[in-house]
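Following: one structure in structure tokens, then a few remarks.
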Amino acid sequence: HVRQLYALVSETLRYASVLEKLLDGAALLQAEKKLPPQLAKVLVYDLLFGKGLKCGGRWKALARRHRARLEAELARMKVRQKVSRNEDLLAPEQAIGPAASQVPRYVRVNTLKTCVDDVIDFFKRQGYTYLGKAASVEELKALSGKKFLLDLHLPELLVFPSQTDLHDSLLYTSGHVILQDKASCLPAFLLGPVAGSHVIDACAAPGNKTSHLAAILKNKGQIFAFDVDPKRVAAMNTLLTRAGVTGCQLAQQDFLTVDPRDPKYSRVTHILLDPSCSGSGMVTRGPGQEVAPSAERLQALAGFQRRVLNHALSFPALRRLVYSTCSLHQEENEDVVQAVLQEWGSAFRLVTAFPSWPCRGLAAFPGAESCLRASPAETLTHGFFVAVLERCREGAAAPSSLPAAAKENPQPGEGMEPKAAPRKKKKKKQRVK
């Protein structure tokens, strides 16, 4: 319901100028003086452009009472502008921008409840055409109609055209699939804890990454998930329950107040840290919502991010950590990683995340290319940043550039070393398939 409401508000904002003209032409606000203008826009959008009115009571009755005059005004607007589609009423800057329009709909198969083959068969029975595994980003970009592909990088990610709406699909409502952007799937995939591991998801809500961690762990092990907002924690609990996640302790707590020396966390070897950020990489916001953060805001965010990353690295048994943001700003990404690595000296080091990933970290410091970035133009995803840190151990071999999840799922042509896939783990993956 929250997703549906967000989508409704976003689309209402996109059509704002059209809706204002409709309200003026139909004189709706003059006829209904007690109707708030913003509510009027939402009602008219849902009535004429959306999936029909979902509300009840007097607002629904009011909108229906004026439906004929609103439809007549809409028809006149189309005639005046010489267009036939509602979308054509939008000014070029109001239409879906190139960034948002080219990002496909990504669908992560929840392997706690099903498998990729069964989900593919389900969609084929729903009239979709499966085109196999993608060989390039260009193939993802060319998707249209009711066609879908298996992603070229992530083994349990299906890719549909950008306008595909699956919020009402039985697979989504039952938790068999998770609607999650590809870039958002990278942190858990690159952390790659083996089954039985103890893992912390430090800033966990809304829970998609947590459910992904549980799937990688096969519900074997322990996840400690933290978020400070009670409403977000409640929503996350619902999501995790629907996804079939077990072995997860969800706590309404600021991660910075968690004691790393608590015996409860003595076996935590992996931490996923996706802290609050500017969100500048998100591409699906409504027009006019994107406001560049001030320098002061960026510095405040970066200060918080450095503190929480330092705190995460202080857990004594930690071996591997993934730091990620949905930000495009160097201040929140490379600069944070560089500052914290300098504080820890030789205790931790960056490892090369996904060597064949095309979009690397900015050259802010030596080794920053080990980080990866994602963007609508280069990777057909939201804007994202990921850094993988591992603890250095005296005399230890150089750390692998790939997580356990990637080792179990080597991708042909992805630059992965053959030795990165132990035979017994291949057998396990075959059994899951």
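Any Cβ shown, glycine's included, is placed from N, Cα and C.
Because TrEMBL annotations are produced automatically, they should be read as predictions rather than curated entries.
Remember, it's a predicted structure, so these values are computed and weren't measured experimentally.
Features reported for this protein in TrEMBL:
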COILED    60-87  coiled coil
DOMAIN    95-392  domain 'SAM-dependent MTase RsmB/NOP-type'
BINDING   C203, A204, A205, P206, G207, N208, K209, D227, D254, D274  S-adenosyl-L-methionine binding site
ACT_SITE  C326  active site, nucleophile
COMPBIAS  397-406  compositional bias 'Low complexity'
REGION    397-433  region 'Disordered'
COMPBIAS  421-433  compositional bias 'Basic residues'
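For C203 (S-adenosyl-L-methionine binding site), the number of other Cβ atoms no farther than 10 Å from its own Cβ, over all displayed protein chains, is 20. The Cβ neighbour count for D254 (S-adenosyl-L-methionine binding site), using a 10 Å radius over every protein chain in view, is 13.
Over the domain 'SAM-dependent MTase RsmB/NOP-type' (95-392) the predicted model carries a mean pLDDT of 93.
Across C203, A204, A205, P206, G207, N208, K209, D227, D254, D274, which the record gives as binding S-adenosyl-L-methionine, the greatest C-alpha separation is 19 Å. Between the C-alpha atoms of C203 (S-adenosyl-L-methionine binding site) and C326 (active site, nucleophile), the distance comes to 13 Å. G207 (S-adenosyl-L-methionine binding site): 27 other CB atoms within 10 A of its CB, across all protein chains. Taking Cβ-Cβ distances under 8 Å and a sequence separation of 6 or more, the neighbours of A205 (S-adenosyl-L-methionine binding site) in its chain are D227, D229, R232, V233, A235, M236. With a 10 A radius on its CB, C326 (active site, nucleophile) counts 21 other CB atoms from all the protein chains. Counting only same-chain residues six or more apart in sequence, the Cβ atoms lying under 8 angstroms from the Cβ of K209 (S-adenosyl-L-methionine binding site) belong to S184, P187, A188, D201, L272, D274.
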